[in-house]
Amino acid sequence: MKQPSKIFPISSSISDEGHLTISGYDTVTLAAEYGTPLYVFSEEDIRGRCREFATEFHRNGHHTRIVFAGKALLNIAILKIIAEAGLGLDTVSGGELEIASAAEFPMEKVYLHGNNKSDSELELALEKGVGRIVIDNPGEMFRLNRLAEDRGAKPKILFRIRPGIDPHTHAKISTGNIDSKFGFSLNEAMVSVPQAMALKNVEIVGFHYHIGSQIFEIQPFLDAMTTTLEFISEMQKVHGFVTQELDAGGGFAVQYLSDQKPPDIGVYAEAILGHFDNECGRLKIVPPGLTIEPGRGLIARAAVALYTVGVIKEIPEIRNYVCVDGGMADNIRPSLYGAAYEPYLANRMNETPDKVYTVAGRYCESGDILATDIELPAVKSGDVIVVPVCGAYCLPMASNYNGSLKPAVVMVHKGQARLIRRREVMADLLRCDIN
Ligand SMILES: Cc1ncc(COP(=O)(O)O)c(C=O)c1O
Ligand SMILES: N[C@@H](CCCC[NH3+])C(=O)O
């Protein structure tokens with residue numbers, strides 16, 4: 001058995017036959033058994049990342065709350081593992097709350113975000129008794145207070161602020177800039193905090209920012225923290241408001257390609273926690289409880305996507321297309337963000353790549369490309385393409401474009417492979433249409 005590159009799930013290996021295995025399961029056999037496209041998750045990887053975040057962010061006596069950003073991947077079986085690991089959950093809609101509830105996720109550990117929450121979503125959050133509601137704008141704060149009064153409730157709230165920091169990531173996944181639809185500007189929050197303090201049916205416990213996703217640089221995390229802690233200090237001086245919680249969001253980058261080198265979680269943790277301690281000391285504020293919300297960093301590397309090669313189209317001196325049976329309907333990230341992936345042949349992991357291919361999907365869009373100009377051994381129809389690092393933001397952003405059926409999902413773990421989401425069937429496509 002050989003070790004595949006670091007971008008595969010923790011429990012991956014290569015069999016004597018040259019097949020990719022995960023937790024001892026041959027991915028080529030899984031593809032034959034469950035069909036493709038197939039997403040295969042490693043339970044060991046998920047558990048390992050939960051432990052890694054906990055260990056690294058609890059260093060030096062810190063009790064950082066780790067809250068999994070469910071938008072990266074929501075599935076009942078996976079939520080049960082996240083809950084068992086003791087993490088919290090960030091949800092962003094009534095729908096996500098219902099999935100958390102179906103997974104019997106402890107509601108006191110659930111956060112509800114969202115920049116345009118409806119009354120019914122706020123009511124659902126009150127009914128379920130979520131731990132935190134993250135307020136995005138002044139109107140929402142007053143609406144929530146009224147809805148909570150009607151029910152005799154007093155939810156704990158955080159204010160989401162826009163610290164005005166550029167995280168130097170893709171523009172579509174930057175969220176803490178001044179020009180953003182998310183959260184309060186500092187000036188707006190300055191006005192709204194005393195108003196919230198005076199409301200009878202909400203308890204303001206602190207502040208939240210999330211500056212973006214897949215952030216390779218450490219400095220933007222530190223800058224956002226400084227800006228927010230200075231604001232917290234100001235709130236204390238001017239309004240006597242003592243912040244209990246600072247929720248610093250997610251955004252930790254993961255390695256998608258063999259030649260990328262994002263910081264390890266321990267490097268982010270050391271820098272962020274050290275900066276937090278120093279800044280609280282400098283500003284002479286009682287350190288609030290710290291929360292982080294990793295999504296991608298926790299789940300992206302836990303899964304691979306498997307596809308079967310169909311048509312191979314070689315256009316002399318132009319490009320060699322390998323067409324697979326999935327694509328943008330199950331992974332929109334390359335089309336939406338120009339995201340780069342590094343596919344391999346799951347059934348020929350040991351063969352030397354000697355030809356350049358572009359892996360295209362099966363959908364009716366020229367932009368339906370999973371990877372451009374990558375090296376693979378000479379590909380044949382029937383080969384199994386494996387795309388690593390597909391655990392985050394692929395399945396939750398999947399669609400039924402071109403009448404496609406969303407893929408099946410299998411979880412492998414020590415001697416057990418189990419279906420955790422069935423493949424959609426044709427009847428699922430017709431379920432909502434009325435004639
Ligand atoms: C509020 C909030 N928290 C956490 C996350 C998770 O981000 P990431 O998956 O980059 O860790 C997101 C998504 O970007 C988010 O919007
Ligand atoms: N969907 C994005 C991440 C954004 C998360 C939500 N704020 C991605 O695939 O990279």
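Heads up, the Cβ atoms here are built off N, Cα and C, so glycines get one too.
Curation plays no part in TrEMBL annotations; they are all automatic predictions.
Feature annotations, reproduced from TrEMBL:
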type    : residues                                       : note
DOMAIN  : 44-299                                         : domain 'Orn/DAP/Arg decarboxylase 2 N-terminal'
MOD_RES : Lys71                                          : N6-(pyridoxal phosphate)lysine
BINDING : Gly251, Glu293, Pro294, Gly295, Arg296, Tyr393 : pyridoxal 5'-phosphate binding site
BINDING : Arg296, Arg333, Tyr337, Glu365, Tyr393         : substrate binding site
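Shown on the structure are the features that TrEMBL records.
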| residue | record | DSSP (3 states) |
| --- | --- | --- |
| Lys71 | N6-(pyridoxal phosphate)lysine | helix |
| Gly251 | pyridoxal 5'-phosphate binding site | coil |
| Glu293 | pyridoxal 5'-phosphate binding site | coil |
| Arg333 | substrate binding site | helix |
| Glu365 | substrate binding site | coil |
| Tyr393 | pyridoxal 5'-phosphate binding site | coil |
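Taking Cβ-Cβ distances under 8 Å and a sequence gap of 6 or more within the same chain, the neighbours of Lys71 (N6-(pyridoxal phosphate)lysine) are Asp90, Val92, Glu96, Gly295, Tyr393, Pro396.
Model confidence over the domain 'Orn/DAP/Arg decarboxylase 2 N-terminal' (44-299) is summarised by a mean pLDDT of 96. Within the same chain, residues at least six positions away from Pro294 (pyridoxal 5'-phosphate binding site) with a Cβ under 8 Å of its Cβ are Phe53, Ile66, Phe68, Ala69, Gly250, Phe252. Arg333 (substrate binding site) sits 16 Å from Gly251 (pyridoxal 5'-phosphate binding site), taking the CA atoms of both as reference points. Reported as a whole number, the C-alpha separation between Arg296 (pyridoxal 5'-phosphate binding site) and Tyr337 (substrate binding site) equals 15 Å.
Taking each of the binding-site residues Gly251, Gly295 in turn and counting other Cβ atoms within 10 Å of its Cβ gives the largest count for Gly251.
The highest number of surrounding Cβ atoms within 10 Å, among the binding-site residues Tyr337, Tyr393, is found at Tyr393. Among the binding-site residues Pro294, Arg296, Arg333, Tyr393, the residues whose Cβ lies under 6 Å from any atom of ligand 2 are, in sequence order, Arg333, Tyr393.
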